[in-house]
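**Student:** Submitted below is the structure of interest, expressed as structure tokens.
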Amino acid sequence: MTEENDIPGGDAAAEDESVPEFQTDADDKLPERELVLGDNGDSRVTVPRQTDAAGGDQVDFVHPEGGWGWVVMLAAMWCNGSVFGIQNAFGILFLSLLREFGSEDDEDLRFKTAWVGSLSMGMIFFCSPIVSVFTDILGCRITAVGGAAVGLVGLLASSFVKSLGPMYFTYGIVFACGCSFAYQPSLVILGHYFNKRLGLVNGIVTAGSSIFTITLPIVLSGLLKNVGLQITMRILCILMLVLMLAGFTYKPLLPVKSRNTHEPRMSQVFNINIWRSLGYRIWAFGVPAALYGYFVPYVHLMKHVEERFGQDASKEVLLMCIGITSGVGRLIFGRVADYVHGVNKVYLQVTSFLVIGVMSMMIPLCQIFGGLIAVCLLMGLFDGCFICIMAPIAFELVGAKDVSQAIGFLLGLMSVPMTVGPPIAGFLRDRLGSYDVAFYLAGIPPIFGGAVLCLIPWLEARRKKREKEEVNKQQDVTHKMIEHEKTQGGVQCKNGESVL
């Protein structure tokens, strides 16, 4: 993802005074950006530049494809790891919270405590549309640093609370909102530095969450055992402090949006350009539709294993399999996406949904533990595929200047199925006595969502074909007019008339 906020060397407000502004509003009649390759293989985008005088010229923006971008990549990788590593490790904190505020055997307390983690994860995605607006107005750097600071305050405050009630606010809202504001700019800024390697870089960045998810539970278990819950949460604040420092590396390169008034334009608050793209509208419907069943195995698989294979089954191995292969999948498919042309990258996401849907249906059929391991290995691999190519697909569908809000609104829409799907599966288990039907039904939404996404490459190909035909028609009309004027001029010259 990328944005058009700041110019290297200063904040957004200061930059507006020192550099020419670039108009990106929906109603400006500007030519589209043209992507070309430089002599050294660097990707170059021709960006229209508006001047105070009538007309304007163009400047070429060249993606560095490296340099300081590698530092930005590592900072973004830390962001993904720290944010989702802490979120995914809530199961470890969950048991400590139960012991801190009551008993592990208190079912009512278990239900109330579980909502702390659910609220926190849901808020990260629910806030995404708001974060995209702040990113467009303030820039990646300010948004990310401010978000990390808020997350740090929320996590630190959570370490001092003495009852569960305040935890909903400090951890479930303040900490989660801060994480949301820190997370999204970490993906947006990558588009300032990479184009040809964007898929690979996104794969490496999103692999950070897999690395932290695998290692952080081990670290937390030791800390909770030795120093207790409060001090452990304060130690976790170090991750957020480093995240805040990492945000300062987000040195923007793409041109700023013009600000002719002190108030942000409506297009910055709500960018309707993204909704004009039929491909994006289908994507924004298909992906959330697929997620109604996508996360059911991740939430209920452990309980299913206990019921099917007993309490002593090594269910932690399944989580490790998913985490490891998810990280591998992000690296592999991130690189593969760089070689897939245009919106055909959508087919990779379609494949990931189809495989995960089929694997969900296979879970009840596995009568041996080894079968479940094979299922989890495949699920993790294609989970990594789905996650790592979200940003490259958004770039293809709406372009660099609109990608921030495109991703933001998609993540916001994703928050609904992520919250609703697992409770429905739990309800079915309570009614039917097993998870079998829940897993069978969980496989349907990913398959349906994947089928819907198949329309996008076809529709985009038709759109480009129509645009090409219109351009050819205009060129033909222009050519005929020129020929006609030449003919008329020749006739006038023969008659001795002046053509001036």
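Placed from the backbone N, Cα and C atoms, the Cβ positions cover glycine too.
Annotations in TrEMBL come from automatic prediction, not curation.
Here TrEMBL flags 1-50 as region 'Disordered'. According to TrEMBL, the feature compositional bias 'Basic and acidic residues' maps to 26-36. Residues or ranges marked as transmembrane segment in TrEMBL: 70-95, 115-135, 142-161, 167-191, 198-219, 231-250, 278-297, 317-334, 346-365, 371-395, 407-425, 437-459. Residues or ranges marked as domain 'Major facilitator superfamily (MFS) profile' in TrEMBL: 235-500.
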**Student:** Look at every Cβ pair spanning the transmembrane segment (371-395) and the transmembrane segment (231-250), keep those 6 or more apart in sequence, and say whether at least 3 of them are under 8 Å.
**Tutor:** no
**Student:** Within the same chain, where does the transmembrane segment (317-334) have neighbours whose Cβ lies under 8 angstroms from its own Cβ atoms, ignoring anything closer than 6 residues to its ends? I mean 6 or more beyond.
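**Tutor:** Beyond its ends, the transmembrane segment (317-334) has Cβ neighbours at 199-204, 206-207, 210-211, 213-214, 298, 301-302, 305, 348, 352, 372-373, 376-385, 387-389.
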**Student:** In the same chain, which residue numbers or ranges, 6 or more beyond the ends of the transmembrane segment (346-365), come under 8 angstroms Cβ to Cβ?
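**Tutor:** Cβ under 8 Å, 6 or more out: 283, 287, 290, 293-294, 296-297, 301, 304, 333, 336-337, 340, 371-372, 375, 378-379, 382-383, 385-386, 389-390, 393, 434-436, 439-440, 442-447, 449-451, 453-454, 456-457.
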**Student:** Give residue numbers and ranges for long-range contacts of the transmembrane segment (70-95): same chain, 6 or more residues beyond its ends, CB-CB under 8 A.
**Tutor:** 104, 113-114, 116-117, 120-121, 124, 144, 151, 155, 179, 182-183, 186-187, 189-190, 192-194, 201, 204-209, 211-213, 215-217, 220-221, 224, 229, 232-233, 236, 239-240, 242-243, 246-247, 249-251
